[in-house]
(Lines of atoms letter the chains of each structure in order from A and count residues from 1; the text may use other names and numbers.)
(Lines give C-alpha, C1' and ligand atoms only; values in the text may rest on other atoms or scores of the structure.)
Protein backbone atom coordinates (compact mmCIF):
# COMPACT_ATOMS: atom_id res chain seq x y z
CA UNK A 1 0.00 0.00 0.00
CA UNK A 2 2.84 2.38 0.83
CA UNK A 3 4.50 1.60 -2.50
CA UNK A 4 1.28 2.34 -4.38
CA UNK A 5 0.85 5.57 -2.41
CA UNK A 6 4.40 6.64 -3.27
CA UNK A 7 3.86 5.72 -6.91
CA UNK A 8 0.68 7.83 -6.94
CA UNK A 9 2.63 10.77 -5.54
CA UNK A 10 5.23 10.42 -8.26
CA UNK A 11 2.54 10.34 -10.94
CA UNK A 12 0.89 13.47 -9.52
CA UNK A 13 4.26 15.25 -9.58
CA UNK A 14 4.75 14.13 -13.18
CA UNK A 15 1.29 15.40 -14.11
CA UNK A 16 1.90 18.77 -12.43
CA UNK A 17 5.25 19.09 -14.21
CA UNK A 18 3.60 18.26 -17.54
CA UNK A 19 0.94 20.96 -17.00
CA UNK A 20 3.60 23.57 -16.16
CA UNK A 21 5.73 22.66 -19.18
CA UNK A 22 2.65 22.69 -21.43
CA UNK A 23 1.70 26.17 -20.19
CA UNK A 24 5.22 27.46 -20.81
CA UNK A 25 5.33 26.00 -24.33
CA UNK A 26 1.94 27.51 -25.15
CA UNK A 27 3.03 30.96 -23.97
CA UNK A 28 6.31 30.67 -25.90
CA UNK A 29 4.55 29.61 -29.08
CA UNK A 30 2.03 32.40 -28.63
CA UNK A 31 4.88 34.91 -28.62
CA UNK A 32 7.09 33.22 -31.20
CA UNK A 33 4.49 32.43 -33.86
CA UNK A 34 3.60 36.07 -34.83
CA UNK A 35 7.26 37.14 -34.83
CA UNK A 36 8.22 34.05 -36.82
CA UNK A 37 5.47 34.73 -39.35
CA UNK A 38 6.58 38.35 -39.81
CA UNK A 39 10.22 37.33 -40.26
CA UNK A 40 9.28 34.66 -42.78
CA UNK A 41 7.16 37.13 -44.74
CA UNK A 42 10.14 39.47 -45.01
CA UNK A 43 12.42 36.57 -45.95
CA UNK A 44 9.99 35.40 -48.64
CA UNK A 45 9.96 38.86 -50.19
CA UNK A 46 13.78 38.83 -50.33
CA UNK A 47 13.70 35.34 -51.79
CA UNK A 48 11.24 36.45 -54.50
CA UNK A 49 13.48 39.36 -55.52
CA UNK A 50 16.53 37.09 -55.64
CA UNK A 51 14.61 34.49 -57.63
CA UNK A 52 13.62 37.15 -60.19
CA UNK A 53 17.25 38.18 -60.57
CA UNK A 54 18.20 34.53 -61.15
CA UNK A 55 15.52 34.27 -63.83
CA UNK A 56 16.92 37.35 -65.55
CA UNK A 57 20.42 35.87 -65.38
CA UNK A 58 19.17 32.62 -66.87
CA UNK A 59 17.55 34.49 -69.76
CA UNK A 60 20.65 36.56 -70.55
CA UNK A 61 23.21 33.75 -70.41
CA UNK A 62 24.14 31.75 -73.48
CA UNK A 63 25.82 28.90 -71.62
CA UNK A 64 23.62 25.79 -71.17
CA UNK A 65 25.64 24.77 -68.11
CA UNK A 66 25.06 28.12 -66.43
CA UNK A 67 21.36 28.03 -67.24
CA UNK A 68 21.08 24.51 -65.82
CA UNK A 69 22.93 25.55 -62.65
CA UNK A 70 20.61 28.53 -62.19
CA UNK A 71 17.53 26.32 -62.67
CA UNK A 72 18.83 23.80 -60.14
CA UNK A 73 19.52 26.60 -57.65
CA UNK A 74 15.97 27.89 -58.06
CA UNK A 75 14.51 24.43 -57.45
CA UNK A 76 16.63 23.95 -54.32
CA UNK A 77 15.71 27.37 -52.95
CA UNK A 78 12.02 26.71 -53.60
CA UNK A 79 12.26 23.42 -51.68
CA UNK A 80 14.03 25.19 -48.80
CA UNK A 81 11.39 27.94 -48.73
CA UNK A 82 8.58 25.39 -48.69
CA UNK A 83 10.28 23.42 -45.93
CA UNK A 84 10.84 26.49 -43.76
CA UNK A 85 7.25 27.55 -44.28
CA UNK A 86 5.94 24.15 -43.14
CA UNK A 87 8.31 23.76 -40.20
CA UNK A 88 8.04 27.22 -38.66
CA UNK A 89 4.59 28.45 -39.64
CA UNK A 90 2.34 25.43 -40.15
CA UNK A 91 4.43 23.44 -37.66
CA UNK A 92 3.74 26.02 -34.95
CA UNK A 93 0.01 25.88 -35.69
CA UNK A 94 0.00 22.07 -35.56
CA UNK A 95 1.94 22.14 -32.27
CA UNK A 96 -0.62 24.50 -30.76
CA UNK A 97 -3.44 22.21 -31.91
CA UNK A 98 -1.72 19.20 -30.33
CA UNK A 99 -1.17 21.04 -27.05
CA UNK A 100 -4.77 22.23 -26.88
CA UNK A 101 -5.93 18.67 -27.64
CA UNK A 102 -3.82 17.39 -24.75
CA UNK A 103 -5.25 20.04 -22.43
CA UNK A 104 -8.77 18.91 -23.33
CA UNK A 105 -8.08 15.17 -23.48
CA UNK A 106 -5.91 14.88 -20.35
CA UNK A 107 -8.73 15.50 -17.83
CA UNK A 108 -11.00 13.07 -19.68
CA UNK A 109 -8.16 10.53 -19.77
CA UNK A 110 -7.54 10.86 -16.01
CA UNK A 111 -11.27 10.70 -15.24
CA UNK A 112 -11.61 7.49 -17.28
CA UNK A 113 -8.62 6.04 -15.44
CA UNK A 114 -10.13 6.90 -12.04
CA UNK A 115 -13.51 5.43 -13.02
CA UNK A 116 -11.88 2.21 -14.20
CA UNK A 117 -9.97 1.86 -10.95
CA UNK A 118 -13.13 2.47 -8.93
CA UNK A 119 -15.37 0.21 -11.07
CA UNK A 120 -12.89 -2.69 -11.24
CA UNK A 121 -11.66 -2.68 -7.67
CA UNK A 122 -13.58 -5.89 -7.00
CA UNK A 123 -12.70 -7.81 -10.19
CA UNK A 124 -9.07 -6.83 -9.74
CA UNK A 125 -8.51 -9.23 -6.82
CA UNK A 126 -10.18 -11.99 -8.84
CA UNK A 127 -7.97 -11.24 -11.84
CA UNK A 128 -4.86 -11.30 -9.67
CA UNK A 129 -5.90 -14.68 -8.27
CA UNK A 130 -6.48 -16.03 -11.78
CA UNK A 131 -3.13 -14.65 -12.90
CA UNK A 132 -1.47 -16.37 -9.96
CA UNK A 133 -3.15 -19.63 -10.92
CA UNK A 134 -2.16 -19.25 -14.58
CA UNK A 135 1.49 -19.33 -13.58
CA UNK A 136 1.10 -23.06 -13.03
CA UNK A 137 0.58 -23.75 -16.72
CA UNK A 138 0.43 -22.16 -20.15
CA UNK A 139 -1.23 -23.36 -23.36
CA UNK A 140 -1.93 -27.09 -23.76
CA UNK A 141 -0.19 -28.91 -26.58
CA UNK A 142 -1.93 -31.20 -29.05
CA UNK A 143 -1.49 -34.04 -26.57
CA UNK A 144 -3.21 -32.10 -23.83
CA UNK A 145 -0.02 -31.44 -21.84
CA UNK A 146 0.37 -27.92 -20.53
CA UNK A 147 3.41 -25.91 -21.48
CA UNK A 148 4.54 -24.26 -18.23
CA UNK A 149 4.09 -20.49 -18.33
CA UNK A 150 7.34 -18.70 -19.03
CA UNK A 151 8.83 -21.67 -20.90
CA UNK A 152 9.18 -22.63 -24.56
CA UNK A 153 8.46 -26.15 -25.86
CA UNK A 154 10.47 -27.21 -28.93
CA UNK A 155 10.52 -30.80 -30.24
CA UNK A 156 9.02 -32.03 -26.96
CA UNK A 157 11.61 -30.35 -24.71
CA UNK A 158 10.92 -27.45 -22.38
CA UNK A 159 13.38 -24.55 -22.35
CA UNK A 160 13.73 -21.43 -20.24
CA UNK A 161 14.98 -18.89 -22.78
CA UNK A 162 14.41 -15.84 -20.57
CA UNK A 163 18.16 -15.31 -19.90
CA UNK A 164 18.81 -15.60 -23.65
CA UNK A 165 16.09 -13.17 -24.77
CA UNK A 166 18.23 -10.04 -24.93
CA UNK A 167 21.08 -11.89 -26.67
CA UNK A 168 18.78 -13.50 -29.25
CA UNK A 169 20.08 -12.45 -32.70
CA UNK A 170 16.53 -11.94 -33.98
CA UNK A 171 15.57 -9.74 -31.03
CA UNK A 172 13.30 -10.33 -28.06
CA UNK A 173 10.00 -10.08 -29.95
CA UNK A 174 10.09 -13.56 -31.61
CA UNK A 175 10.66 -15.16 -28.21
CA UNK A 176 7.93 -13.10 -26.58
CA UNK A 177 5.43 -14.17 -29.23
CA UNK A 178 6.02 -17.87 -28.54
CA UNK A 179 6.52 -17.98 -24.76
CA UNK A 180 4.29 -20.48 -23.00
CA UNK A 181 3.54 -22.46 -26.20
CA UNK A 182 4.77 -25.36 -28.28
CA UNK A 183 6.63 -23.29 -30.86
CA UNK A 184 8.34 -26.06 -32.84
CA UNK A 185 6.88 -25.00 -36.18
CA UNK A 186 7.78 -21.33 -35.75
CA UNK A 187 11.24 -22.38 -34.59
CA UNK A 188 11.92 -24.52 -37.66
CA UNK A 189 10.44 -22.15 -40.26
CA UNK A 190 12.50 -19.17 -39.06
CA UNK A 191 15.86 -20.88 -38.53
CA UNK A 192 16.69 -21.68 -42.14
CA UNK A 193 20.29 -20.66 -42.63
CA UNK A 194 22.19 -22.26 -39.75
CA UNK A 195 21.93 -25.00 -37.10
CA UNK A 196 23.72 -23.02 -34.40
CA UNK A 197 20.40 -22.43 -32.65
CA UNK A 198 20.17 -26.11 -31.75
CA UNK A 199 23.47 -25.93 -29.87
CA UNK A 200 22.31 -22.78 -28.05
CA UNK A 201 19.11 -24.50 -26.92
CA UNK A 202 21.04 -27.18 -25.04
CA UNK A 203 22.18 -24.55 -22.51
CA UNK A 204 18.63 -23.71 -21.48
CA UNK A 205 16.97 -27.14 -21.17
CA UNK A 206 14.79 -27.54 -18.08
CA UNK A 207 13.43 -31.01 -18.88
CA UNK A 208 13.89 -34.00 -21.09
CA UNK A 209 11.17 -35.27 -23.40
CA UNK A 210 7.80 -34.62 -21.78
CA UNK A 211 6.57 -38.16 -22.35
CA UNK A 212 6.30 -40.69 -25.13
CA UNK A 213 2.68 -39.83 -25.91
CA UNK A 214 3.53 -36.15 -26.12
CA UNK A 215 6.40 -36.88 -28.46
CA UNK A 216 4.17 -38.87 -30.76
CA UNK A 217 1.46 -36.26 -30.77
CA UNK A 218 3.96 -33.46 -31.25
CA UNK A 219 5.51 -35.22 -34.22
CA UNK A 220 2.11 -35.43 -35.88
CA UNK A 221 1.59 -31.70 -35.62
CA UNK A 222 5.19 -30.49 -35.67
CA UNK A 223 6.64 -33.09 -38.01
CA UNK A 224 8.89 -30.46 -39.58
CA UNK A 225 11.37 -31.72 -36.97
CA UNK A 226 11.85 -34.98 -38.90
CA UNK A 227 10.74 -33.89 -42.36
CA UNK A 228 12.83 -34.93 -45.36
CA UNK A 229 11.20 -32.05 -47.22
CA UNK A 230 12.48 -29.57 -44.63
CA UNK A 231 15.96 -31.08 -44.65
CA UNK A 232 16.36 -30.86 -48.42
CA UNK A 233 14.78 -27.42 -48.59
CA UNK A 234 17.16 -25.99 -46.00
CA UNK A 235 20.10 -27.57 -47.80
CA UNK A 236 19.07 -25.99 -51.11
CA UNK A 237 18.61 -22.56 -49.51
CA UNK A 238 21.99 -22.69 -47.79
CA UNK A 239 23.69 -23.68 -51.02
CA UNK A 240 21.94 -20.82 -52.80
CA UNK A 241 23.41 -18.27 -50.39
CA UNK A 242 26.84 -19.96 -50.39
CA UNK A 243 27.17 -20.14 -46.63
CA UNK A 244 26.82 -16.35 -46.10
CA UNK A 245 24.85 -16.17 -42.84
CA UNK A 246 22.96 -12.91 -43.51
CA UNK A 247 22.76 -12.93 -47.30
CA UNK A 248 19.07 -13.89 -47.10
CA UNK A 249 18.13 -10.42 -45.81
CA UNK A 250 17.11 -7.56 -48.13
CA UNK A 251 19.20 -7.05 -51.26
CA UNK A 252 21.07 -3.75 -51.57
CA UNK A 253 19.34 -2.92 -54.86
CA UNK A 254 15.92 -3.59 -53.36
CA UNK A 255 16.74 -1.42 -50.35
CA UNK A 256 17.79 1.43 -52.64
CA UNK A 257 14.56 1.11 -54.62
CA UNK A 258 12.47 1.20 -51.45
CA UNK A 259 14.29 4.34 -50.29
CA UNK A 260 13.12 5.99 -53.52
CA UNK A 261 9.57 4.73 -52.90
CA UNK A 262 9.75 6.09 -49.34
CA UNK A 263 10.68 9.55 -50.63
CA UNK A 264 7.81 9.40 -53.13
CA UNK A 265 5.47 8.26 -50.34
CA UNK A 266 6.52 11.19 -48.14
CA UNK A 267 6.04 13.57 -51.07
CA UNK A 268 2.56 12.12 -51.62
CA UNK A 269 1.65 12.85 -48.00
CA UNK A 270 2.87 16.44 -48.40
CA UNK A 271 0.80 16.77 -51.57
CA UNK A 272 -2.19 15.26 -49.79
CA UNK A 273 -1.83 17.88 -47.05
CA UNK A 274 -1.72 20.60 -49.72
CA UNK A 275 -4.88 19.28 -51.40
CA UNK A 276 -3.30 17.75 -54.52
CA UNK A 277 -5.59 15.23 -56.24
CA UNK A 278 -2.64 13.56 -57.96
CA UNK A 279 -0.89 13.03 -54.63
CA UNK A 280 -4.08 11.66 -53.07
CA UNK A 281 -4.51 9.22 -55.98
CA UNK A 282 -0.92 7.98 -55.65
CA UNK A 283 -0.92 7.78 -51.84
CA UNK A 284 -2.49 4.30 -51.30
CA UNK A 285 -0.44 2.72 -54.11
CA UNK A 286 2.83 4.00 -52.65
CA UNK A 287 1.60 3.03 -49.18
CA UNK A 288 0.92 -0.49 -50.44
CA UNK A 289 4.45 -0.80 -51.84
CA UNK A 290 5.84 0.30 -48.47
CA UNK A 291 3.61 -2.10 -46.55
CA UNK A 292 4.22 -5.11 -48.79
CA UNK A 293 7.96 -4.65 -49.33
CA UNK A 294 9.04 -3.07 -46.04
CA UNK A 295 6.51 -3.49 -43.21
CA UNK A 296 5.51 -7.07 -44.04
CA UNK A 297 9.08 -8.33 -44.42
CA UNK A 298 10.06 -6.39 -41.30
CA UNK A 299 7.34 -8.13 -39.30
CA UNK A 300 8.95 -11.45 -40.28
CA UNK A 301 12.39 -10.16 -39.20
CA UNK A 302 13.59 -10.51 -42.80
CA UNK A 303 14.75 -7.00 -43.76
CA UNK A 304 17.88 -6.77 -41.64
CA UNK A 305 20.04 -8.68 -39.19
CA UNK A 306 19.39 -5.86 -36.70
CA UNK A 307 16.10 -6.26 -34.78
CA UNK A 308 15.61 -2.51 -34.33
CA UNK A 309 15.68 -2.03 -38.12
CA UNK A 310 13.00 -4.69 -38.58
CA UNK A 311 10.86 -3.08 -35.88
CA UNK A 312 11.23 0.32 -37.50
CA UNK A 313 10.20 -1.15 -40.86
CA UNK A 314 6.94 -2.51 -39.41
CA UNK A 315 5.83 1.06 -38.69
CA UNK A 316 5.76 1.68 -42.46
CA UNK A 317 2.33 0.01 -42.48
CA UNK A 318 0.79 3.00 -40.72
CA UNK A 319 -1.51 4.80 -41.04
CA UNK A 320 -3.39 3.09 -43.88
CA UNK A 321 -3.05 -0.61 -43.02
CA UNK A 322 -2.35 -1.69 -39.42
CA UNK A 323 -0.21 -1.12 -36.33
CA UNK A 324 2.46 -3.57 -35.29
CA UNK A 325 1.20 -4.87 -31.92
CA UNK A 326 -1.92 -6.58 -33.28
CA UNK A 327 -0.29 -7.52 -36.60
CA UNK A 328 2.54 -9.60 -35.15
CA UNK A 329 0.08 -11.77 -33.24
CA UNK A 330 -2.62 -11.96 -35.91
CA UNK A 331 -0.34 -12.52 -38.88
CA UNK A 332 3.10 -13.76 -37.80
CA UNK A 333 1.62 -16.25 -35.32
CA UNK A 334 -2.04 -16.93 -36.16
CA UNK A 335 -2.04 -16.86 -39.96
CA UNK A 336 1.37 -18.45 -40.46
CA UNK A 337 0.79 -21.24 -37.94
CA UNK A 338 -2.83 -22.07 -38.82
CA UNK A 339 -3.05 -21.19 -42.51
CA UNK A 340 -6.56 -21.95 -43.82
CA UNK A 341 -7.55 -23.48 -40.48
CA UNK A 342 -11.00 -22.06 -39.56
CA UNK A 343 -10.28 -22.33 -35.84
CA UNK A 344 -7.12 -20.25 -35.92
CA UNK A 345 -6.43 -18.35 -39.15
CA UNK A 346 -7.19 -14.65 -38.78
CA UNK A 347 -7.44 -14.14 -42.53
CA UNK A 348 -10.60 -16.27 -42.68
CA UNK A 349 -12.34 -13.92 -40.24
CA UNK A 350 -11.82 -10.43 -41.64
CA UNK A 351 -15.61 -10.18 -42.05
CA UNK A 352 -18.22 -11.88 -39.91
CA UNK A 353 -20.70 -12.41 -42.78
CA UNK A 354 -18.41 -13.77 -45.50
CA UNK A 355 -17.82 -17.47 -45.96
CA UNK A 356 -14.18 -17.98 -46.96
CA UNK A 357 -13.93 -21.65 -46.00
CA UNK A 358 -16.34 -24.59 -46.30
CA UNK A 359 -16.13 -25.23 -42.54
CA UNK A 360 -17.23 -21.71 -41.56
CA UNK A 361 -20.81 -21.45 -40.31
CA UNK A 362 -22.69 -18.43 -41.62
CA UNK A 363 -26.27 -17.26 -42.06
CA UNK A 364 -28.44 -20.02 -43.54
CA UNK A 365 -29.90 -17.59 -46.09
CA UNK A 366 -26.48 -16.95 -47.62
CA UNK A 367 -26.26 -17.40 -51.40
CA UNK A 368 -23.47 -17.03 -53.90
CA UNK A 369 -24.47 -13.48 -54.83
CA UNK A 370 -24.81 -12.42 -51.19
CA UNK A 371 -21.46 -13.97 -50.35
CA UNK A 372 -19.86 -11.95 -53.15
CA UNK A 373 -21.61 -8.80 -51.92
CA UNK A 374 -20.30 -9.24 -48.38
CA UNK A 375 -16.97 -10.16 -49.94
CA UNK A 376 -16.88 -6.79 -51.72
CA UNK A 377 -17.58 -4.90 -48.49
CA UNK A 378 -14.72 -6.78 -46.84
CA UNK A 379 -12.40 -5.85 -49.69
CA UNK A 380 -13.32 -2.18 -49.26
CA UNK A 381 -13.21 -1.85 -45.49
CA UNK A 382 -10.97 -4.45 -43.88
CA UNK A 383 -7.82 -2.39 -43.47
CA UNK A 384 -9.91 0.50 -42.15
CA UNK A 385 -10.94 -1.82 -39.32
CA UNK A 386 -7.34 -3.03 -38.92
CA UNK A 387 -6.00 0.53 -38.77
CA UNK A 388 -8.75 2.28 -36.78
CA UNK A 389 -10.63 -0.29 -34.68
CA UNK A 390 -8.35 -3.18 -33.79
CA UNK A 391 -5.39 -1.15 -32.43
CA UNK A 392 -7.74 0.37 -29.86
CA UNK A 393 -10.03 -2.59 -29.14
CA UNK A 394 -7.44 -5.38 -29.22
CA UNK A 395 -4.32 -3.72 -27.83
CA UNK A 396 -4.58 -0.16 -26.51
CA UNK A 397 -7.76 -0.28 -24.39
CA UNK A 398 -7.26 -3.81 -22.96
CA UNK A 399 -3.55 -3.10 -22.51
CA UNK A 400 -4.19 0.08 -20.55
CA UNK A 401 -6.94 -1.57 -18.49
CA UNK A 402 -4.74 -4.51 -17.56
CA UNK A 403 -1.82 -2.19 -16.87
CA UNK A 404 -3.89 0.07 -14.59
CA UNK A 405 -6.37 -2.32 -13.00
CA UNK A 406 -5.12 -5.85 -13.62
CA UNK A 407 -8.23 -6.91 -15.56
CA UNK A 408 -10.39 -6.10 -18.58
CA UNK A 409 -13.96 -4.75 -18.14
CA UNK A 410 -16.74 -7.26 -18.70
CA UNK A 411 -18.19 -5.05 -21.44
CA UNK A 412 -14.94 -5.40 -23.38
CA UNK A 413 -14.82 -9.15 -22.79
CA UNK A 414 -18.13 -9.50 -24.65
CA UNK A 415 -16.64 -7.89 -27.77
CA UNK A 416 -14.31 -10.81 -28.44
CA UNK A 417 -16.53 -13.88 -28.81
CA UNK A 418 -15.16 -16.87 -30.75
CA UNK A 419 -13.43 -14.90 -33.51
CA UNK A 420 -9.74 -15.89 -33.56
CA UNK A 421 -8.87 -12.23 -34.12
CA UNK A 422 -10.52 -11.10 -30.93
CA UNK A 423 -10.63 -14.08 -28.58
CA UNK A 424 -9.04 -14.29 -25.16
CA UNK A 425 -6.20 -16.48 -26.41
CA UNK A 426 -4.86 -13.63 -28.48
CA UNK A 427 -4.94 -11.22 -25.55
CA UNK A 428 -3.36 -13.89 -23.37
CA UNK A 429 -0.52 -14.26 -25.86
CA UNK A 430 -0.05 -10.49 -25.93
CA UNK A 431 0.01 -10.41 -22.12
CA UNK A 432 2.09 -13.57 -21.67
CA UNK A 433 4.61 -12.41 -24.24
CA UNK A 434 5.07 -9.09 -22.51
CA UNK A 435 3.99 -7.04 -25.55
CA UNK A 436 2.14 -4.56 -23.35
CA UNK A 437 5.09 -2.30 -22.61
CA UNK A 438 5.14 1.46 -22.18
CA UNK A 439 7.11 2.20 -25.38
CA UNK A 440 4.95 -0.14 -27.47
CA UNK A 441 1.75 1.35 -26.08
CA UNK A 442 3.03 4.84 -26.85
CA UNK A 443 4.16 3.94 -30.39
CA UNK A 444 0.86 2.23 -31.21
CA UNK A 445 -1.15 5.09 -29.70
CA UNK A 446 0.69 7.60 -31.90
CA UNK A 447 0.27 5.47 -35.03
CA UNK A 448 -3.40 4.90 -34.26
CA UNK A 449 -3.82 8.64 -33.68
CA UNK A 450 -2.27 9.31 -37.08
CA UNK A 451 -4.72 6.94 -38.77
CA UNK A 452 -7.67 8.38 -36.85
CA UNK A 453 -6.75 11.94 -37.84
CA UNK A 454 -6.76 11.38 -41.63
CA UNK A 455 -10.48 11.95 -42.22
CA UNK A 456 -10.92 14.73 -39.60
CA UNK A 457 -8.02 16.62 -41.16
CA UNK A 458 -9.58 16.27 -44.62
CA UNK A 459 -12.85 17.74 -43.30
CA UNK A 460 -10.99 20.51 -41.46
CA UNK A 461 -8.95 21.41 -44.56
CA UNK A 462 -11.68 21.11 -47.21
CA UNK A 463 -14.93 21.46 -45.28
CA UNK A 464 -17.91 19.13 -45.61
CA UNK A 465 -17.40 18.64 -49.33
CA UNK A 466 -16.95 15.80 -51.80
CA UNK A 467 -13.24 16.61 -51.86
CA UNK A 468 -13.01 16.02 -48.12
CA UNK A 469 -14.79 12.67 -48.49
CA UNK A 470 -12.41 11.68 -51.26
CA UNK A 471 -9.27 12.74 -49.38
CA UNK A 472 -10.47 11.10 -46.16
CA UNK A 473 -11.87 7.79 -47.44
CA UNK A 474 -10.20 6.97 -50.75
CA UNK A 475 -6.72 6.20 -49.29
CA UNK A 476 -8.22 3.66 -46.87
CA UNK A 477 -10.62 2.09 -49.38
CA UNK A 478 -8.00 1.61 -52.11
CA UNK A 479 -5.45 0.32 -49.58
CA UNK A 480 -7.99 -2.24 -48.39
CA UNK A 481 -8.73 -3.42 -51.94
CA UNK A 482 -5.05 -3.99 -52.69
CA UNK A 483 -4.41 -5.68 -49.34
CA UNK A 484 -7.37 -8.05 -49.56
CA UNK A 485 -6.86 -8.95 -53.22
CA UNK A 486 -3.23 -9.94 -52.75
CA UNK A 487 -3.66 -11.73 -49.41
CA UNK A 488 -6.97 -13.53 -50.00
CA UNK A 489 -6.46 -14.58 -53.62
CA UNK A 490 -3.55 -16.84 -52.75
CA UNK A 491 -5.26 -18.78 -49.95
CA UNK A 492 -9.02 -18.83 -50.62
CA UNK A 493 -8.97 -21.27 -53.53
CA UNK A 494 -10.62 -24.69 -53.94
CA UNK A 495 -7.26 -26.49 -54.27
CA UNK A 496 -5.81 -24.92 -51.10
CA UNK A 497 -8.71 -25.74 -48.76
CA UNK A 498 -9.17 -29.45 -49.27
CA UNK A 499 -9.23 -31.80 -46.24
CA UNK A 500 -6.10 -33.48 -47.59
CA UNK A 501 -4.15 -30.23 -47.33
CA UNK A 502 -5.31 -29.45 -43.80
CA UNK A 503 -4.62 -33.00 -42.62
CA UNK A 504 -1.10 -33.18 -44.06
CA UNK A 505 1.15 -34.11 -41.13
CA UNK A 506 4.19 -32.25 -42.47
CA UNK A 507 3.87 -28.61 -41.39
CA UNK A 508 6.05 -27.19 -44.19
CA UNK A 509 4.33 -29.26 -46.89
CA UNK A 510 0.99 -28.07 -45.54
CA UNK A 511 2.20 -24.48 -45.85
CA UNK A 512 3.30 -25.02 -49.45
CA UNK A 513 -0.03 -26.62 -50.41
CA UNK A 514 -2.13 -23.91 -48.72
CA UNK A 515 -1.16 -21.25 -51.25
CA UNK A 516 -1.74 -20.49 -54.93
CA UNK A 517 1.19 -18.86 -56.75
CA UNK A 518 1.04 -16.61 -59.82
CA UNK A 519 3.69 -14.80 -61.82
CA UNK A 520 6.28 -16.99 -60.12
CA UNK A 521 9.83 -15.93 -60.91
CA UNK A 522 8.78 -12.46 -62.08
CA UNK A 523 10.75 -9.62 -60.51
CA UNK A 524 7.99 -7.14 -61.39
CA UNK A 525 5.21 -9.19 -59.78
CA UNK A 526 7.48 -9.77 -56.80
CA UNK A 527 7.96 -6.02 -56.34
CA UNK A 528 4.29 -5.12 -56.86
CA UNK A 529 3.13 -7.72 -54.32
CA UNK A 530 6.08 -7.75 -51.93
CA UNK A 531 6.75 -11.38 -52.86
CA UNK A 532 3.19 -12.42 -51.96
CA UNK A 533 2.62 -13.71 -55.49
CA UNK A 534 4.61 -16.76 -54.27
CA UNK A 535 3.09 -17.23 -50.84
CA UNK A 536 3.96 -20.92 -50.75
CA UNK A 537 7.65 -20.00 -50.65
CA UNK A 538 7.02 -17.19 -48.18
CA UNK A 539 5.12 -19.44 -45.75
CA UNK A 540 7.81 -22.11 -45.83
CA UNK A 541 10.69 -19.70 -45.11
CA UNK A 542 9.29 -16.33 -43.92
CA UNK A 543 12.66 -15.12 -42.61
CA UNK A 544 14.08 -15.00 -46.16
CA UNK A 545 13.50 -11.57 -47.69
CA UNK A 546 11.06 -11.34 -50.59
CA UNK A 547 13.68 -9.81 -52.91
CA UNK A 548 15.25 -13.29 -53.16
CA UNK A 549 12.03 -15.10 -54.13
CA UNK A 550 12.39 -14.80 -57.94
CA UNK A 551 15.83 -16.44 -57.74
CA UNK A 552 14.82 -19.09 -55.21
CA UNK A 553 11.45 -20.12 -56.62
CA UNK A 554 12.66 -22.53 -59.37
CA UNK A 555 14.77 -24.43 -56.81
CA UNK A 556 11.93 -24.41 -54.29
CA UNK A 557 9.46 -25.69 -56.90
CA UNK A 558 11.83 -28.52 -57.85
CA UNK A 559 12.06 -29.64 -54.22
CA UNK A 560 8.26 -29.56 -53.96
CA UNK A 561 7.98 -31.75 -57.07
CA UNK A 562 10.34 -34.33 -55.58
CA UNK A 563 8.28 -34.51 -52.39
CA UNK A 564 4.80 -34.38 -53.93
CA UNK A 565 3.69 -31.01 -52.57
CA UNK A 566 3.63 -28.77 -55.65
CA UNK A 567 1.72 -25.50 -55.02
CA UNK A 568 -1.23 -24.61 -57.25
CA UNK A 569 -0.27 -22.23 -60.08
CA UNK A 570 -1.96 -19.43 -62.02
CA UNK A 571 -0.37 -17.47 -64.90
CA UNK A 572 -1.10 -14.01 -63.47
CA UNK A 573 -3.12 -12.13 -60.85
CA UNK A 574 -6.15 -11.73 -63.12
CA UNK A 575 -6.51 -15.48 -63.56
CA UNK A 576 -6.01 -16.08 -59.83
CA UNK A 577 -8.61 -13.44 -58.95
CA UNK A 578 -11.16 -14.93 -61.36
CA UNK A 579 -10.78 -18.38 -59.79
CA UNK A 580 -10.98 -16.82 -56.33
CA UNK A 581 -14.26 -14.99 -57.03
CA UNK A 582 -15.84 -18.11 -58.56
CA UNK A 583 -14.89 -20.07 -55.45
CA UNK A 584 -16.31 -17.41 -53.11
CA UNK A 585 -19.57 -17.58 -55.09
CA UNK A 586 -19.58 -21.38 -54.80
CA UNK A 587 -19.01 -21.19 -51.03
CA UNK A 588 -22.13 -19.04 -50.74
CA UNK A 589 -24.16 -21.46 -52.86
CA UNK A 590 -23.34 -24.31 -50.46
CA UNK A 591 -25.92 -22.82 -48.10
CA UNK A 592 -28.83 -23.13 -50.55
CA UNK A 593 -31.39 -25.43 -48.98
CA UNK A 594 -33.58 -27.79 -51.05
CA UNK A 595 -37.10 -26.50 -51.72
CA UNK A 596 -39.53 -28.35 -49.41
CA UNK A 597 -42.02 -30.59 -51.19
CA UNK A 598 -45.69 -29.64 -50.80
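Note: Cβ is positioned from N, Cα and C throughout, glycine not excepted.
Here TrEMBL flags 154-207 as domain 'Cytochrome b5 heme-binding'.
What TrEMBL lists as transmembrane segment is 12-32 (among others).
Positions annotated as transmembrane segment by TrEMBL: 92-116 (among others).
Summarising the annotation, TrEMBL assigns transmembrane segment to 252-271 (among others). The list of residues near the transmembrane segment (252-271) in space but at least 6 beyond its ends in sequence, with Cβ under 8 angstroms from a Cβ of it, reads 86, 278-280, 282-283, 286-287, 289-290, 293-294, 316, 527, 545, 547.
Among the features that TrEMBL reports, transmembrane segment is placed at 277-295 (among others).
Under the heading transmembrane segment, TrEMBL lists 372-397 (among others).
Within the same chain, residues 273, 275, 315, 318-320, 323-325, 387-388, 391-392, 395-396, 399-400, 403, 467-469, 471-473, 475-476 sit at least 6 positions outside the transmembrane segment (441-461) and bring their C-beta atoms closer than 8 Å to a C-beta of that stretch. Residues annotated as transmembrane segment in TrEMBL: 441-461 (among others).
Note on the transmembrane segment (468-486): residues 272, 275, 277, 280-281, 283-285, 287-288, 291-292, 320-321, 350, 378-384, 387, 454-459, 461-462, 529-530, 532-533, 573, 577 of its chain, located 6 or more positions outside it, place their CB under 8 angstroms from a CB of the stretch. What TrEMBL records for 468-486 (among others) is transmembrane segment.
Long-range contacts of the transmembrane segment (277-295) within the same chain: residues 254, 258, 261-262, 264-265, 267-271, 303, 313-317, 320-321, 470-471, 474-476, 478-479, 482-483, 486, 527-532, 546, each at least 6 residues beyond the stretch ends and with a Cβ under 8 Å from a Cβ of the stretch. Helix, strand and coil content of the domain 'Cytochrome b5 heme-binding' (154-207), in residues and according to DSSP, is 25 helix, 6 strand, 23 coil.
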